[in-house]
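The structure is given below, and queries will be raised subsequently.
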Amino acid sequence: MHWGSWSEFWAMGGYGLYVWGSYGVAFFAVLIEIISLIRGQKHTLQRLRRMRNWESE
Amino acid sequence: MSSSIAWFKFAAPMTFYGLAGRLIPWFAWSAGLLAAIGVYIAFFVAPTDFQQGEAYRVIFIHVPAAWMSMFLYLVMAFWSAVGLAWNTRLSFMMSRALAPTGALFAFLSLWTGALWGKPMWGAWWVWDARLTSSLILFFLYVGIMALWSAIDDPRRGDKAGALLTLIGAINVPIIYFSVKWWNTLHQGASISLMKAPTMAATMVTGMLIMTFAAWFYAIAAAMIRVRGIILERERHTEWAAEILEGK
């Protein structure tokens, strides 16, 4: 363990902005993709069901 | 010859739709677990770098993201070539399903690279060979996706996109070897198949675990996307109709 305290951990030896800026953006970018994948899946199903209903009428 | 028949069976969109549906949870949960282990190693196991201090910890995101951005592009180029050569429908769909995740990793490699470059080189960005060719890779992903969305006819879009993907594939070896071919600020490969790594073993382990996490994540994401594409294109077939009717 290299970190004596939480504040040391967040400071990252003075490079906190760069380290957490990398991990934070990577985390949120992946999170956004996961959300859009799940929503996209639902939307595709709804859209295709609607198209089917129109086509069968 | 029975094995070749089995492969053709899985190449049928209907079979692959079901197979992907069963595989997605495994890849997704493996990716999550590996990422958790990787991040733990990145912050609590890997030692402080004697030259770069704690700033080097960006490597555990940067290198896997950069590798994935190149690797996924090569996979896309492979499926594009297969699709153009044998006109297999699923190949083009795979290529389409991979592109957004490839673009995501290309963006992350640039972003984390900038955040690592600033404290180490004193610049967010320099126009050197490695960085410029990586930026071109990102633009290729975006350009290919724009081309697909601009062409309404899916089969024509498939072919145009595949052609652009294949032409752009020449950029991948340029990225990889740029640090050898040109004088660049970017450091050389940390890991190569030819020689032993020049980093601490725990750093390498963390990087590889993060790479596998990114890989499994990309597989899960691409499979979710390809299922949507399959269903859309096969909606007039009996099996797709049954799924849409919720049977």
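Indices start at 1 and increase along the chain as displayed.
Glycine too: its Cβ is placed from the backbone N, Cα and C atoms.
Because TrEMBL annotations are produced automatically, they should be read as predictions rather than curated entries.
Per TrEMBL, the feature domain 'Cytochrome c assembly protein' maps to B:7-186. According to TrEMBL, the feature transmembrane segment maps to B:23-45, B:65-86, B:98-117, B:129-148, B:160-179, B:199-224.
Just tell me what is around each of these and how deep it sits.
Within the same chain, residues 57, 60, 202, 205-206, 209-210, 212-217, 219-220, 223-224 sit at least 6 positions outside the transmembrane segment (B:23-45) and bring their C-beta atoms closer than 8 Å to a C-beta of that stretch.
Counting only same-chain residues 6+ beyond the ends of the transmembrane segment (B:98-117), those with a CB under 8 A from a CB of the stretch are 55-56, 58-59, 61-62, 65-66, 68-69, 72-73, 75-76, 79, 123-126, 131, 134-135, 137-138, 141-142, 144-145, 148, 185, 214, 217-218, 221-222, 225.
Sequence-distant contacts of the transmembrane segment (B:160-179), counting only residues of its own chain at least 6 positions beyond either end whose CB sits under 8 Å from a CB of the stretch, comprise 70, 73-74, 76-77, 80-81, 83-84, 92, 95-96, 129-130, 133-134, 136-137, 140, 143-144, 147-148, 151, 186-189.
Note on the transmembrane segment (B:199-224): residues 20, 23-24, 27-28, 30-32, 34-35, 37-39, 41-42, 45-47, 59-61, 63-65, 67-68, 71-72, 94, 97-98, 100-102, 105, 190-191 of its chain, located 6 or more positions outside it, place their CB under 8 angstroms from a CB of the stretch.
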Please report, as numbers and ranges, the same-chain residues at least 6 past the borders of the transmembrane segment (B:129-148) whose CB is under 8 Å from any CB of it.
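Same-chain residues near the transmembrane segment (B:129-148) but 6 or more away: 66, 69-70, 73, 76, 96, 99-100, 102-103, 106-107, 109-110, 113, 157-158, 160-161, 164-165, 168, 171-172, 174-175, 178-179, 181-182, 184, 186.
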